[in-house]
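Positions annotated as compositional bias 'Basic and acidic residues' by Swiss-Prot: 266-284. The feature region 'Disordered' is assigned by Swiss-Prot to 247-304. As annotated by Swiss-Prot, transmembrane segment applies to 23-43, 58-78, 93-113, 120-140, 158-175, 179-198, with the evidence given as sequence analysis.
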């Protein structure tokens with residue numbers, strides 16, 4: 001029998017439980033066999049012969065605090081996102097974002113070495129699931145942007161931005177910020193990049209989310225958006241300049257009326273799915289305490 005206080009800590013998906021187990025096992029392996037770190041973590045100087053660590057580096061944590069935080073965050077965010085995206089797309093998102101994040105970290109570390117000639121950038125071990133977690137925050141921003149987060153009283157669309165601001169601010173007071181800050185920044189950007197341009201939409205057979213509400217400038221305050229938009233437009237044209245016109249042809253009819261697969265319609269449909277999934281989760285968690293209460297009352301009557 002589940003108690004009311006524990007209902008919110010149940011109903012995690014099987015996929016998220018499996019991924020959480022991978023994180024825990026990965027942490028135990030590097031703790032009991034430290035010699036495996038150079039083979040699993042991303043160490044830029046050794047990445048060329050050990051190219052697989054562009055993948056493995058994201059699936060284990062070097063610290064106990066890291067594995068606890070990553071496991072708990074994965075379970076709760078996956079509990080919401082996986083039903084909306086589907087298990088296959090959720091797993092694909094994690095794999096692609098993790099790989100692209102550590103690929104960018106590798107390139108950045110090599111560039112910093114050639115600029116500064118400091119070997120610390122070549123031999124610093126990069127590892128952890130926090131890049132993917134940053135990307136998952138972007139997924140929450142996309143699906144329920146205007147939903148207020150309980151206790152925090154802030155809208156979900158600002159979660160990635162607040163996380164980055166706090167991480168950058170804390171980097172001035174910590175010595176190991178280089179080990180996590182690039183991963184968080186690239187994880188956030190790669191999560192947005194994947195959802196913006198790559199994620200397949202089964203309803204429309206198109207890819208990505210080109211709606212204005214999910215533009216890159218929405219990560220910034222409105223005061224800065226006139227400056228950010230022209231810069232973002234350059235990268236947008238580089239990524240999908242030719243396909244943009246094709247997408248518009250599919251999204252709009254000749255009369256200018258939006259079709260079912262248009263940007264605004266798809267964005268609204270995605271938010272409705274997210275809100276419905278959130279309501280179902282909350283409804284399930286409320287149903288369990290109510291059911292337990294009815295069972296207790298029934299047991300009491302039987303005893304009488």
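For all residues, glycine too, the Cβ spot is worked out from N, Cα and C.
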> the transmembrane segment (58-78): which same-chain residues, six or more beyond its ends, come within Cβ distance under 8 Å?
Replying inline: 12-13, 15-17, 19-20, 22-24, 26-27, 29-30, 37, 40-41, 90, 98-99, 101-102, 125, 127-133, 136-137, 139-140
>> How about long-range neighbours of the transmembrane segment (93-113): same chain, 6 or more residues beyond its ends, C-beta under 8 Å?
In response: 19, 42, 44, 47, 53-55, 57-59, 85, 119, 121-122, 124, 126, 129, 131-132, 135-136, 139, 182-183, 186-187, 190-191, 193-195, 198-199
>> How about long-range neighbours of the transmembrane segment (158-175): same chain, 6 or more residues beyond its ends, C-beta under 8 Å?
In response: 134, 137-138, 140-141, 149, 181, 184-185, 188, 191-192, 219-220
> Any residues 6+ beyond the ends of the transmembrane segment (120-140) with a Cβ under 8 Å from its own?
Replying inline: 23, 37-38, 40-45, 57-62, 66, 69-70, 73-74, 77-78, 80-81, 85, 93-94, 97-98, 101-102, 105, 109-110, 112-113, 156, 159-160, 163-164, 178-180, 182-188, 190-192, 194-195
